[in-house]
Structures are given as C-alpha cells and as structure tokens.
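These features come from Swiss-Prot:
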- Asp8: active site, nucleophile (ACT_SITE)
- Asp8, Asp10, Asp173, Asp177: Mg(2+) binding site (BINDING)
- Lys150: substrate binding site (BINDING)
Amino acid sequence: MIRLILTDVDGTLTFDRDTYNIDLDAVDLLRKVEKKGIKVGLVSGNSYPVLRALYTYFGFNGGIVAENGCIVYYDNQLKEVCERVERSLISEFENRFGVKGSWQNQFKVCDFSFYPPILKDEMVKWALDKGLYIKTSGYAVHISKSKRGKAEGVRELIKMHGLDKAEVVGIGDSSTDIEFLEEVGIRVVVGNADESLKSIGDFVMREKSGKAVVEFIKKVITGEINE
C-alpha cells in the first residue's frame with residue numbers, strides 16, 4: 001500500500017526539463033492524492049528555503065529533502081544529514097574554473113551548485129583532492145561531501161515517517177535521481193528522463209515531466225496502482 005509519494009522538482013513537476021514553470025495540473029492531482037491519505041514530499045537539489053516555500057504553498061505534508069539529500073524536514077523537525085562544505089572552497093572553485101554559482105548558494109550549507117552544468121576532468125580531480133564529491137545533474141554542477149546524494153536524505157525521511165521502503169513511491173527525471181529511487185519501493189520515471197534512470201524504473205511513463213506525474217497519479221487515484 002502506498003503511504004508516501006516523493007517527487008523531484010526540476011524536470012519532474014515542471015512542464016519540461018528546460019523550464020522552471022511548474023505544471024499546476026500535477027500539483028493539483030498530488031493535492032487530491034493527499035486527501036486520500038497518501039502524503040506527498042519534495043526531493044531536490046534546490047535549497048531548503050525554496051523547497052519549503054513550494055511545499056507550503058502546494059499544501060503538501062510528506063516532508064522535504066533539500067540540497068540533494070543533505071537537509072531533511074518533516075513534522076516540524078529539520079535535520080542536516082551531511083557534513084557542511086567550507087565557503088572558502090566554494091569561492092576557490094568559482095575562481096579556479098570560471099563558473100558561476102547559483103543564486104541559491106547563499107541559502108545552502110552542504111550542497112552547492114554552479115553553471116554551466118558541464119563537468120570537466122580537472123574539476124573532478126580538484127574535488128577529489130579537497131575531499132569533495134562532484135557531479136552534474138544536467139541543470140548544474142553540484143559539489144558536496146555526500147557520496148550517496150539524495151539517497152541519504154530520502155532514507156532519513158522514510159525513517160522519520162516510520163515506513164518501509166515498499167510503501168514509498170519516488171518520481172524523478174535525472175541520473176542524479178538514481179540513488180533516490182533505489183531507496184523507494186516503486187520507481188516512477190518521466191518519459192523524457194535520462195536513459196540511465198529509465199533503466200531502473202518500475203514505471204516509465206509515456207508523458208514527459210509534469211504530465212508524466214499526472215499520468216501516474218491518475219492511476220493511483222483510480223486504484224489501478226496502490227498495492
């Protein structure tokens with residue numbers, strides 16, 4: 001039985017993978033599924049303040065995993081599950097490689113993002129030398145001290161709910177969602193997702209991004225999926 005649905009934001013709740021515009025039809029259906037007793041949470045690389053605002057205005061109640069798994073919020077509890085990255089290293093990375101830090105970095109403490117989203121070999125070497133992990137989501141290059149990415153936060157959130165992973169759905173679009181989906185019982189992948197993510201999906205939807213969420217949630221509401 002599904003008790004919790006966790007969804008990525010960018011490329012999943014948006015209209016497409018190249019826009020920040022949220023598909024409100026997807027949000028509306030997720031609200032409806034909450035009324036049926038299934039909680040909904042957000043899992044993203046975005047900062048906690050950004051996700052907390054979306055979460056509040058969307059009317060969700062299943063919790064938040066922010067900064068690619070490093071910050072977890074549920075039931076008025078806020079936890080950091082990753083080690084913080086020194087701000088001096090963020091400045092050094094920007095200056096050394098000529099990248100631009102995200103405007104959200106000022107609100108982050110563990111996972112920092114940079115543009116353009118192009119990962120170079122010399123960046124990987126620099127990060128390893130500094131004891132950091134580096135990856136690209138396709139939206140930005142991310143630096144943190146977390147090896148498992150979103151998985152750590154998702155695991156903690158499920159624990160806070162007191163649920164088994166079999167009771168949890170995960171929805172994503174990017175290769176950075178692989179670790180996240182490996183922590184849940186039902187893996188849902190939008191139709192325009194990275195092929196590496198599609199390869200592990202239980203449900204690979206026909207529609208893309210937000211419309212794929214609509215496609216899946218309709219199956220949950222009608223009872224077609226909720227075993």
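Backbone N, Cα and C define each Cβ position, glycine as well.
Taking the mean position of the Cβ atoms of Asp8, Asp10, Asp173, Asp177 as the Mg(2+) site, the remaining same-chain residues with a Cβ inside 8 Å of that point are Val9, Gly11, Thr12, Ser44, Ser137, Ile171, Gly172, Ser174, Thr176, Val190, Ala193. Note: the CA-CA distance between Lys150 (substrate binding site) and Asp10 (Mg(2+) binding site) rounds to 14 Å. Taken residue by residue with DSSP, Asp177 (Mg(2+) binding site) is part of a helix.
Classification of Lys150 (substrate binding site) by DSSP places it within a helix. Comparing Asp8 (active site, nucleophile) with Asp173 (Mg(2+) binding site), their Cα atoms are 8 Å apart once rounded.
Around Asp177 (Mg(2+) binding site), the same-chain residues at least 6 positions away in sequence with a Cβ under 8 Å from its Cβ are Asp8, Val43, Lys150, Gly170, Ala193, Leu197. Asp173 (Mg(2+) binding site) counts 30 other C-beta atoms within 10 Å of its own C-beta, drawing on all protein chains shown. Same-chain residues at least 6 positions away in sequence with a Cβ under 8 Å from that of Asp10 (Mg(2+) binding site) are, in sequence order, Arg17, Tyr20, Ser44, Gly45, Asn46, Ser137, Tyr139, Asp173, Ser174.
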